[in-house]
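**Student:** Would you mind keeping the following structure in view while I ask a few things?
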Amino acid sequence: MQIPGHIDPVTTGTVPLRGGNRIDLVGLSRDAIGGVLVEAGLDAKAAKLRAKQIWHWIYHRGVTDFMGMTDIAKAMRPWLTDRFIIGRPTVREAQVSSDGTRKWLLAAADGQEYEMVFIPDADRGTLCVSSQVGCTLNCRFCHTGTMRLVRNLGAGEIVGQVLLARDALGEWPKGNMAGFGAGSDADPEDDDADDDAVGHYTADGRMLTNIVMMGMGEPLYNFDEVKAALKIVMDGDGLALSKRRITLSTSGVVPMMARAGEEIGVNLAVSLHAVSKEIRDEIVPLNRKYGIEELLQACADYPGANNARRITFEYVMLKDKNDRDEDARELVRLIKQYKLPAKVNLIPFNPWPGAPYECSTPERVRAFSNLIFKAGISAPIRTPRGRDIMAACGQLKSAATRPTRAELDRIAEEKQAALG
């Protein structure tokens, strides 16, 4: 079945970050780093040791300059600098919401733009990470869905978002290497060597504790790169984020869901948003390919899902579209029919210019939530975050496809006319 605006599988290739003729090591596995070191002239034994050291400096210490890798001999550091880089995305724009939410517009080495968002809470800090430049799914309530798909992000570009966020939050450890001294060949009298006895964090008060793959793009249509990136993020010798603190969100790419559970093993969130074929076909066109019943069966079969690791159903509240009491009751019925260990996140619709929907009233959202709660299923209402900087759920869209000045002027004129 051909879905308007849908490409299956995604045919756009990834573009690796490069520093001129130098290879960017961010996004490479530990073995792959060893491989490029061998290609550059090191013997296999030396390359394996150097790969371990470099990995630690990149992902545990946040270092971007080989000259700062103080357990590597001084003579080796310029050799590495001449051949490799430790890249970061370019920050085109950084914004901070009145509620503390932060949004970055990032540019890849080829100039393509994408966004990431950090959401601080009292007990956690969540980074919303993008997996593609644009999106192919055309979900009608989503601003990203109005973009064309440009390309997939590479593993390095995905991991780079996490590294950049940790840079911005100032939460890389300082001090010694926390026991990573084995195999060091640094000069013990090296003036550059670290002196601190104990590593510590210098965060600005809100640490990055959770990652959600809910930024731009459909993660399961960039499976291999997302998998590679999350394996790096979860590696215990580096960023060391538990899989229980990572959530992958999909609009319902059914054939890839089991693989995600088996090969990545993170929490699953599903953009459900409707309980009838007619409405979901309209607002999530992928439903025309993988229907609700097929999707819910894939959820029931998702590896590792249980009452301790529930599947999250995301449900955007659209006025007079999917917010009736009957919709809430049908949602409960479906969850119980498929015996799903699930919770429902109710998301007040976040408006954007030209959006075809309005948000349900607060009273309607509360009534919808209460019906689900009374059936024994958790249905919290998500507090909108970052609306004032277009960073809330469904509002992301890169500057490359933002309105032109003429379009902005036209929108302003229309608003003025409406105000009389």
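The backbone N, Cα and C atoms fix where each Cβ goes, glycine too.
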**Student:** If I go by Swiss-Prot, which of Ser242, Ser249, Ser369 binds S-adenosyl-L-methionine at the same site as Gly217, Glu218, Ser271, Leu272, His273, Asn350?
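**Tutor:** So the S-adenosyl-L-methionine site in Swiss-Prot includes Gly217, Glu218, Ser271, Leu272, His273, Asn350 plus, from the candidates Ser242, Ser249, Ser369, Ser249.
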**Student:** Measuring Cα to Cα, how many angstrom lie between His273 (S-adenosyl-L-methionine binding site) and Cys135 ([4Fe-4S] cluster binding site)?
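**Tutor:** One finds 18 Å between the Cα atoms of these residues.
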**Student:** Out of these recorded positions, Cys128, Cys139, Leu272, which one has the fewest other C-beta atoms within 10 Å of its own C-beta?
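**Tutor:** Counting other Cβ atoms within 10 Å of each of the recorded positions Cys128, Cys139, Leu272, the minimum falls on Cys139.
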**Student:** Note down the number of other Cβ atoms within 10 Å of the Cβ of Ser271 (S-adenosyl-L-methionine binding site), including every protein chain shown.
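**Tutor:** The Cβ of Ser271 (S-adenosyl-L-methionine binding site) has 28 Cβ neighbours within 10 Å.
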**Student:** Using only C-alpha positions, which one of Glu115, Cys128, Cys135, Cys139, Cys142 is spatially nearest Ser249 (S-adenosyl-L-methionine binding site)? These are the recorded positions in the record.
**Tutor:** Cys128
**Student:** If you measure from the CA of Gly217 (S-adenosyl-L-methionine binding site) out to 10 Å, which recorded positions from the list Cys128, Cys135, Cys139, Cys142 are inside that radius?
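**Tutor:** Within 10 Å Cα-Cα: Cys135.
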**Student:** Could you check which of these recorded positions, Cys128, Glu218, Ser271, Leu272, Asn350, sit within 10 Å of Cys142 ([4Fe-4S] cluster binding site), going Cα to Cα?
**Tutor:** Asn350
**Student:** Using only C-alpha positions, which one of Glu115, Glu218, Ser271, Asn350 is spatially nearest Cys135 ([4Fe-4S] cluster binding site)? These are the recorded positions in the record.
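**Tutor:** Its closest listed neighbour, by Cα, is Glu218.
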